[in-house]
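Reviewing the structure listed below.
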Amino acid sequence: MLDVNYFDELRIGLATADDIRQWSHGEVKKPETINYRTLRPEKDGLFCERIFGPTRDWECYCGKYKRVRFKGIICERCGVEVTRSKVRRERMGHIELAAPVTHIWYFKGVPSRLGYLLDLAPKDLEKVIYFAAYMITWVDEEARHRDLPSLEAQISVEKQEIEKRMNVELEERARKLEEDLAALEAEGAKADAKRKVREAAEREMRQIRERAQKEIDRIDEVFTRFKNLKVQDLEGDEVLYRELRDRFGQYFRGGMGAQAIKERLESFNLEAEAEALREQIRNGRGQKKARALKRLKVISAFLNTRNSPMGMVLDCIPVIPPDLRPMVQLDGGRFATSDLNDLYRRVINRNNRLKRLLDLGAPEIIVNNEKRMLQEAVDALFDNGRRGRPVTGPGNRPLKSLSDMLKGKQGRFRQNLLGKRVDYSGRSVIVVGPQLKLHQCGLPKVMALELFKPFVMKRLVDLNHAQNIKSAERMVERATSGLSRYAMVWDVLEEVIKEHPVLLNRAPTLHRLGIQAFEPQLVEGKAIQIHPLVCAAFNADFDGDQMAVHLPLSAEAQAEARILMLSSNNILKPADGRPVTMPSQDMVFGIYYLTTIKPGATGEGRVFSSDAEAIMARDLGELDIQAKIKVRLKDVVAVDDGTGSWTPPDGWQPGDPLLVETTLGRILFNEALPPDYRFINYELTKKDLSTIVNDLAERYPKVMVAACLDEMKTLGFHWATRAGVTISISDVVMPPRKQEILEAYEAKAEKVQRQYERGLITDDERRQELIEIWTQATADVAREMEANFPKDNPVFMMVNSGARGNMMQVRQIAGMRGLVANPKGEIIPRPIKSNFREGLSVLEYFISTHGARKGLADTALRTADSGYLTRRLVDVSQDVIVREEDCGTERAISMRIGVKGPDGTLTRLPTVETSVYARTLAEDVIVDGKVLAAKGSDIGDLTITELLAHGVEQVRVRSVLTCESKLGVCAACYGRSLASGKLVDVGEAVGIIAAQSIGEPGTQLTMRTFHTGGVAGEDITHGLPRVVELFEARTPKGVAPISEVTGRVKIEETEKARKIIITPDDGSEEVSYQVSKRARLRVAEGEHVEVGTQLVEGTVNPHEVLRILGPRAVQVHLVQEVQEVYRSQGVPIHDKHIEIIVRQMLKRVNILESGDTEFLPGELVERPKFEEENRRVVAEGGTPATARPVLMGITKASLATESWLSAASFQETTRVLTDAAINAKSDPLLGLKENVIIGKLIPAGTGMPRYRNIRVEPTEEARAAVYSMSGYDTGSYASGYGQFGTGSGQAVPLDDYDYGSYDR
């Protein structure tokens, strides 16, 4: 086996017949598989042991050699090598074909590579390959030219012969006629009889003339065809071809089937053809030039690589190892076999029949038919169903060919190479574990014992509870079955599990927080326990969700799990850098209850000298937790009353004691916060809590934040329980004035209806009016209802604290349901006046079901679409890794941070959170000669606040859009890693993080927005489809034109459409745009517009923006438009993630003129490669190539990647592989996917080359500690210890570390 860690690239190419024979261990001659009586493989068959290796370890077929001591011997009786049976997974065979066949990928794929190479239409190519037409493969021009006069003479002689013969025949017939007539005359026959005889004779003579003329024409036709014969002519007329061959066989060769193609390829001159094509490209135009370019691409691929075009025609085909196409016996004596065996059997059967026919010397027509069938059998084996009807198995199911094995979700790439099953894992249902710390999880004992079995067994042997591993295993087995005398097993498990993190994962893993590490705590029962605060990250709830547990084994893996993946280190969300572990639901309610003031509660107005005294009063029942009291507090830094209007008393210093008016509940809450944090003195809802947690995350280290969160969780649950909040039907309080409000609006609605009946308004206007009236009514009822709820009502408290639900839901329960939409998405103008507490009437219930069902259907569709979007995003950005500290670019982009109000004060822009926040400054910010923020520093919340205070409106920041790194991006341009809150590390896979951040909220985006019944104006795509449209760079529906010039607007109305005409300022000719009558204009007659102004309402085409305004503008446009969609759904995503995807979309340029470079016009090249090649050419004094930037959609960009492994595993597998093989593409293995596929460590994070060759050396103390372990020879252990985490990057094989001397 080759070791994947030792090569840097992987090349794919075309295999020639010799290659295939070289790989092979023998020829498969018979279609037999397994002998049904002995169940052993048949000799020379598809499972033959002589070719593929023994079925049993170290045992030959006939049984002469058994045991490992005969390793490597080849048995002289049966010819089987004695070796391991697993060679049957790697040894290949081959089938020698009696006639060559073409490879279907190269002839039938679009575009047909073989057709391009030979300049044949695929239709004609098909005729030749499938024996419907002959092809001329060689013409001896010289001989033909030389012998033409003599041949012509021969032909004319032949024609004269025919004419002579005809004349003789005619004379003969005339003589016979004379005789017949004379005889009739003698008999005295009637004139009638004479006429008949004469006519018959004339008819025969005419036939003789015609026959002769036909022969002469035929000779002419054959000769003309011969004179004009050239290589690659097709001849579909069998008879004509035969005659040609019989007459002029020595001057040309021709044939049909793959044999003809093969002969043609052998004599094909690639260089000459390429030269001719270049000439054509230089002088040609239009269609011709385009075709020449395409052909040159294929031909230069063969010229530039070591590939031979002969590889597209096969003389022998490989047979893949038998263990990859197994045959297993089912109970009942039947066999289940892989489809490949059936396909191979058809090939072998037809091949053997063809050999036999050839030996018998069968007629050509029979042989050709058999050859055609062989070609079809090989086609079906390579790619079933690509041509004609697929070969089907039992039950009319198409058989899975080699191509199908690679394709799709179930194919080799996605099923086995990118998604493997792993050992040391388990899964179970999750339940909540409120007693856990943030970094812990509860692991069921039974599960833990199974997962940690090897560790436990080894420890049992170490502690002398067991003599050897075998008996330790038995002990573990018995402990599981509950025998009390093996209780020490559980103690050992406790010891082993300490400090050994496990990974928990919940599917679907939409972003990196879907897998986190925890320290396991053993629990009884069979359910995994989860900390309530990490549910948001996993998107988990406890209604039966399951989670998987994985065990990191090696020392390195454990270190990574503990440092990088521990849940308390993953408090921030990578999408926007804000905490993801927020108290929710019960916790929010508990804290809200705790910090609320209840007027008139026990002990109100009392004053206490310390918080301890207040707590004592409460314990004695003298004080209510929600009563307003005054307390003298120590160590107060500041007091936050929620409004920011608190002023400290005179002479008070932060840290001095202070008398604060508050409640005991608030004092208890503040104990959960860091001691030097301001005293929070107001009622806390979910929003306030999130502000506080945000602030904590900005100011304090993660450990502190995690501790605070845990405290809050405990407090929240404790007080939510004490609050004893319940809901009964009477808690749903209905507004008493509801009827009255509705009657008033009903009157308005009736008035509108009457106006309509009188014909004063149209139907559309009536609908609009009614919808407005009832929307107003619903809002009024809702307002009335809200005002009417008592402040201590449980329903109101739940909504108000942000624990669960919102006012809209309460409105439907207690107010009125309001307007609903019909299946078409239009709003029905009659509202539902009842609420759920009163109950709906039948009609009301019926019309409200539409929306509900549509919602469910939408969600299902959305999940699938969103998953597919994430997959495409990951694929396009997977090789964007932070590869260097700083690319040193001077370029940057300006971003606004504040906007001036009417009174001249600067207020923070709401979009700062997702645009400027967490970036690196590109230059110093200087105000009044003082540097406020230095170049290269990170912009956090505090910096932004300070800049705004000094009146700074915009800053220049680094961005990945302007990064000049050749591969990936640099740390400075990316800025702060949002997940860690520090500058991003070199090696961070920022591309994948970006893809996950954009894809994960995809399910929350709506599919379609409701149209408010028949409103004019184009329906613009919204939600998920809009995001897809942007990332795929599609031209949107109802596209709005943008101005190509700066000038004045003139608007012309015509019958059908409007014309917007712009007269440029520089006096060049005017530009006109046709827009539909319905489009709403954005410009007015006579207005002055700049280049790139949008002329009508609607969506602009990003390709136009790129063409007219350049790459920078289209980058801004795409980022803004994507953000627009996410903001409308209230999903915060940082711009830098979208920028990474946009950077990938604009990575390539389209070559216009190739100059002296090796590019072809129309080729798509990555920008760094283009610039490098141009520099090289200019240095040598040549002309550089010119190109223009192109915007590629993410699917297209993924398929255009340099890495063929990544592209093939993404989509259109066969097309990508066909192309890659012809171009002998080499995969530099720079992305993540290609390394996962071949099983190398990914080149990101700790797998980066710069981190790989690090050795872990123990400190002196650690060594000393190890030596003091009893019973171990000091020297031997020390020598083995240095081997941990060797530079190989391999996992440490645990079983091999018996603490003994183990030297590699």
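Cβ from N, Cα, C; glycine included.
Note that the structure is a prediction, hence the values are computed from the model and not measured.
Some features that Swiss-Prot has for this protein:
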| type | residues | note |
| --- | --- | --- |
| BINDING | C60, C62, C75, C78 | Zn(2+) 1 binding site |
| BINDING | D541, D543, D545 | Mg(2+) binding site |
| BINDING | C887, C963, C970, C973 | Zn(2+) 2 binding site |
Item to check | Residues near D541 (Mg(2+) binding site) in space but at least six apart in sequence (CB under 8 A) | outcome: C535
Item to check | Cβ packing number for C78 (Zn(2+) 1 binding site), 10 Å threshold | outcome: 16
Item to check | Rounded Cα separation (Å) that holds between C60 (Zn(2+) 1 binding site) and C973 (Zn(2+) 2 binding site) | outcome: 64
Checklist entry - Least buried of the binding-site residues C60, C62, C75, C887, C970, going by other Cβ atoms within 10 Å? => result C62
Checklist outcome for this item: Neighbours of C973 (Zn(2+) 2 binding site) among binding-site residues C62, C75, C78 (C-alpha cutoff 10 angstroms), in sequence order, are none
Checklist outcome for this item: Nearest to C62 (Zn(2+) 1 binding site) by C-alpha distance, among the binding-site residues D543, D545, C970, is D545
Next on the checklist: Using the Cβ center of D541, D543, D545 as the Mg(2+) site position, which other residues in that chain lie within 8 Å, going by their Cβ?
Outcome noted: I430, A540, F542, G544
Checklist entry - Do you know offhand how many angstrom separate C887 (Zn(2+) 2 binding site) and C75 (Zn(2+) 1 binding site) by C-alpha? => result 64
Checklist entry - Can you count the other CB atoms that lie within 10 A of the CB of D543 (Mg(2+) binding site)? => result 5
Checklist entry - What three-state secondary structure does DSSP assign to C970 (Zn(2+) 2 binding site)? => result strand
Checklist outcome for this item: Of the binding-site residues listed (C963, C973), the greatest number of other CB atoms within 10 A surrounds the CB of C973
Checklist entry - Using Cα coordinates, what distance in whole Å links C970 (Zn(2+) 2 binding site) and D545 (Mg(2+) binding site)? => result 40
Checklist outcome for this item: By Cα geometry, the one of the binding-site residues (D543, D545, C963) nearest C78 (Zn(2+) 1 binding site) is D545
Checklist entry - Roughly how many Å separate the Cα of D543 (Mg(2+) binding site) from that of C963 (Zn(2+) 2 binding site), to the nearest whole number? => result 46
